[in-house]
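Listed features, source TrEMBL:
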DOMAIN    14-323  domain 'Major facilitator superfamily (MFS) profile'
TRANSMEM  9-31  transmembrane segment
TRANSMEM  57-78  transmembrane segment
TRANSMEM  85-104  transmembrane segment
TRANSMEM  110-131  transmembrane segment
TRANSMEM  143-162  transmembrane segment
TRANSMEM  168-190  transmembrane segment
TRANSMEM  254-276  transmembrane segment
TRANSMEM  288-312  transmembrane segment
């Protein structure tokens, strides 16, 4: 019996492979929740003494601080070496960070580690949505775009589920595996964005990439290349600038809505809750073990994010945002 593989199989496989980077970001987000309590415990800390409240705060703060720096160079890299290779570069800080955690004998190792994770998050969260959007077709863009959140919270749950039950060294040794395994398959088997390839006048590579992503014949890929080329030419003619965002009422409204949504999310305190979930449950005196409570939080996030790809194209993004 011959098994028929859907034409979109490679596209979904490529998007899933790329989102392993988001999974690693989720691991970094959830890392502090199980590791901070161990660093504050004399029997589990790998350091000479337990960390202070100030040191605990800095371990949590370095990731978001560095994440604000990561996007600065990410856009430049994405347009010069490509979305694919920028994502791969964004993966390297995580690999170095987890290695540092294994050999750490001073709190400064964890400071540097968290800063590196923040750089990686800043790069990945800037370029990964760009890459996914450019390889997707109109019918799959909504579903594939929502995979980033799903993979991120799966990574968060991974930290919540394993971290409390393993020593810091063993847990971080395991964390080296995802970024190390991500490097070779993604660099070898997954093409770069057709949009980037056409920007660099690599017509043949763009056609080959589209044939893979669409699972269609040469003529189909060539037609889509023509459409993309037309879009790129129109973009060059429009000569959009940063000032245009504030001059155009439509763009100004879109920017305001986007900043309001992101600002509301961050000001809700969700980052602090995710970073210190286990400590929060421990201090609250709940009858259930803090580790279990944290895992439940992770499971709920995964379930909510898993439903999103199924609903995003049916219900619309606006309705889901309101919910």
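A Cβ is built for glycine as well, from the same backbone N, Cα and C atoms used for every other residue.
Taking pairs at least six residues apart, the transmembrane segment (288-312) and the transmembrane segment (57-78) share fewer than three Cβ pairs below 8 Å and do not count as touching. Same-chain residues lying 6+ beyond the ends of the transmembrane segment (110-131) with a Cβ under 8 Å from its Cβ atoms: 18-19, 21-22, 24-25, 28-29, 31-32, 39, 58-60, 62-75, 77-78, 83-84, 86-87, 89-94, 96-98, 100-101, 104, 145, 148, 193.
When the stretches 85-104, 143-162, 168-190, 254-276 are ranked by Cβ pairs under 8 Å to the transmembrane segment (9-31), first place goes to 143-162.
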